[in-house]
Each structure stands twice: as structure tokens, then as C-alpha cells.
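So the structure is just underneath, and the comments pick up after that.
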Amino acid sequence: MPPGLHLLHRLRRPPAAAAAVPELCPVCGDKVSGYHYGLLTCESCKGFFKRTVQNNKKYICAENQDCKIDKTHRKRCPSCRFQKCLIVGMRLEAVRADRMRGGRNKFGPMYKRDRALKQQKRALMRANGFKTEAAASLVSSNQTDSAFTGSFPGLYPVPIIQTTLVPTTHYNHNCYGLPSLGTSTPSNPSISTQRQYTSSNPAIKSEHTDIHMSSQASVLGDHAYSEELQEETFSPQVPRMPQLVMEFLRCDPDELQMQRNIAAHLQREQSSWEKQGKPTAFSFMCRMADQMLFSIVEWARRCIFFKELKVSDQMKLLHNCWSELLVLDILFRQVQHGKRSSVLLVTGQEVELSAVASYADPTLAHLVQRGQELLEKLHGLQVDRQEVVCIKFLILFNPDVKPLESQPFVESVQEQVQGALLEYTLCTYPQYLDRFGHLLLCLSELRSLSTLAEDYLCCKHLSGEVPCNNLLIEMLHAKLLHVHTSW
DNA sequence: TTAGCCTTGAAG
DNA sequence: CTTCAAGGCTAA
């Protein structure tokens, strides 16, 4: 084993910065002064939004409708500023047509719930001591977790990198399983989505004089809002599923399909092996892992957020996390399998643990032992599929991977997924307040386990025992290359 | 036009 | 009563 490998891995995954950032305006990053028109914003963006809507102002961007909006530049392009106001979720309906002063509006309960959720998060974070690396940013500036957005319209950090501006309308239209999400061309998502967004949003270029009259004005966020209102009014006792989690479930591959594909592939391979003599169990496992990796890459390529990234970033993220995804996949299959005495393979075959023990060398035996321990924790938690799909995204969108071209995007996805997972756990298992913290601990354990597994495979590879010409080898090479170049 | 501060008034 | 998110005012 190359010297310092463990240390290097620890260096590769530095703990996140600890301090919680005070709440920032999602439009310009200035200091938040309270809830205004649907979400926490600064005083100036509140005023700007009010003036724009009340006076029915029309702005035209002199550039490409992708101007940077921050505290210093916010005055420069009102068109993009207003657009950003809508993107982050400010509500046209909250501007009163009659200009009545004082009192409260229908958003009151949402603000309250949002506050309660935020407070719960802070308490949880404190209880967890901010030790888990994913936790620190949760109480920071993002409002992706806000109750009334259903975890979605967030994405506000995205326009910082102007290349991946994602319109929220698509997601809102596609919640609860409608099929057409993400029709943008992968080659240049920014342009296509931007166009769809501006052309489909009457608030930006055309008249919106009727917004006060029509409760069904087709403006950004209406869907999320009306759903929220419905839920608030009619079914407050039913736990909500954050829309992001719904979307993750939709992206997740079908287990049976995968089982068939991989089994068929291995069957085909096996017929050619027979000519070369009997393969070892280890070699068989490698080929199976290889096929699982293909599935993982295929899943990632097709899933929300990831497909918006450049290939170079996609590669870096996958090179970083392939083993974690692989181990998680294996472990969750065992959770569903439910039997402690045998291992369920992706092909559907069952292998007795005693058989594994008799075959394993000490290092592998230790790996299996660690896997069993983590599996016990997952069993204890009765971790569900919704949580696992979220964890997969937490693993994939690791903001510690550097350098990335779309670093802010990856960070914002990480934060959104954390928010969605926390919201899901709080809503689905309200009696179990620390569940989110326990899941993050499992994730941390999973990371260390997968690092060990990678090291083990590297060792085997260096001694020539891993079958050639596959994805597994490429991942291991990337790892070895990384060790080499950064040492 | 902007943005900080002020006034208002229903909800809790 | 207090809270706080609406709209209003105004100097820069």
C-alpha cells in the first residue's frame, strides 16, 4: 500500500468550516431585515420588489439577462434583480392591490412554520456539535429549506455562476411525478433554460396588471404556494414529502431492472470465462462491482442537477465518491433484504455470510466486519428509501471536491439536499428528532468504510488481482493518479 | 430611483 | 397588550 494513503484521504476530505453565517438576502446577499413578500430578504430588495410590482414597472436588461446581483451591483440592472426576486421565490401576490397598511396576510402561518423549522434545524445542529462535515452550512444563508417553498425554489446561489441558472417553474410544474423535468440540452443548459424561463414568465416582459385580481396568475411559484396553502388548509396532519425528495425518487433506478441487466451481463461474461478457466470469487465480485459502477454512472448522468454539470466536473465528483455510492448501494440492499445471516447480491443471488468469512483474507474480513457494524446502525434506524436517495445526492455533490468549475452550484445542491433530508426526517419521524444527525453519522461512517474498501481494492489492483478493462480499474487509476500527483 | 427608517393594524 | 410584515416617507 502506498505510504500515507489514509492520511491523504483524510486530507482529501477536510471538515467543513464551522461557523454559521448570519442569514443573508437570497437576492443580493445583504443583511436580512425580516420576512418580506414570502421570504427573508433585505430591506432594499423588499422596497425594490414593492416599487416594481406596485408601479407595474417594466425593465429591459441591456446584457444577456444574466447580470450578477449582489449588494454592490444590485442597482445596475433592475431587470435581472427583479428576475432574481422571482426566482428565489418572492411573491407577487403579497404586494397588496389596495395598498392597505398594517395587519397580516395569508403568509403568516408559512412564516411561522418556516421559523419553527429553522429553529429546529439550529437546535439539531447544536446538538450534533457541528461535527459532521455536511452539517455546518445548513443554518447559513440559504432559504431552500423554507417551509412554503417545499424545498425547491431555493437554488438562489446558482445565478452566482451564471452558467447554470435553473428556472424554478419547471420543478414546480413537475412536482408529484409529472414526467417532463429537465428538457434542457445538456450541452448548454443555461441558454435553453433561461429562454424557457423568460418566455414563460409573463411577469418579466409582458403585462402583469392582473396579478392582484387573479389568484391563479401564472407567475413563478404559484404552484408551490397553492400546494402549500392547500396543505395548510386541508391536510396539515399528513407528513409532507419535500419536492426534491420526490424528484430524487423519480431519478432512482429500478432495482429489478438493474438486477436483470447486471445478471444478464455477468451471465454473458461467464460463458467467455469458461474458456479461460474458472474465475476466482474475487474476480467475480470485481466484475459485479464494475457493473454496479456502470449503473451508478448511468444514474448520475441522468439525474437532476448532475446532468447540468460539465463533464469535467462530473468526472471529478464521481471519481471522488464512487466507492461511497457503491458501498451504500450494497448496504441498503442488505437493509431491504433483512436477513442477518446472508448477503443479497445485486444479481438477486444470496451468499451465506459464513461462506464469505471462510473465503476472506484478514483485510476483507475486517471490511465485512465494519460493514456489518454500519448495517446494524442502518437496521436500527430502519433507514428508508427516501433517506437513501437523499444521502446518495449528499455523497455525489460533495463540495469538498476541488477544483470544480461549478463549485457554488455543487455547494448549493449540497445545502438544498441537506435541507430536504432534514425536512423529510422531521416531518416523517417527528418523534425522532435526532434522526437527521444519526443519518449524517452513518454517512460519515460510510465514508471511512468506503475509503478502506478503496484502499483494499487498490492493493489488490497493484498486485494484479483485479480484472482488467473496466470502470473499476479506471476509478482505481484515478485514485492512484491523485495519490501520485498530490504527494 | 434607492434604501433606511417610520407608521399601521390584524393576528396572536 | 405585543408582534411584525405590510405600505409610506424622504435624504441622498
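Each Cβ is built from the backbone N, Cα and C atoms, and glycine gets one as well.
Residues or ranges marked as phospholipid derivative binding site by TrEMBL: A:Tyr456, A:Lys460. Around A:Tyr456 (phospholipid derivative binding site), the same-chain residues six or more apart in sequence whose CB sits under 8 Å from its CB are A:Thr363, A:Leu364, A:Leu367, listed in sequence order.
Summarised as a single figure, the pLDDT of the domain 'Nuclear receptor' (A:22-97) averages 89. Annotated domain 'Nuclear receptor' per TrEMBL: A:22-97, in sequence order.
Among the features that TrEMBL reports, domain 'NR LBD' is placed at A:253-479.
According to DSSP, A:Tyr456 (phospholipid derivative binding site) sits within a helical segment. Cβ contacts within 10 Å of A:Lys460 (phospholipid derivative binding site), excluding its own Cβ and spanning all protein chains shown: 18.
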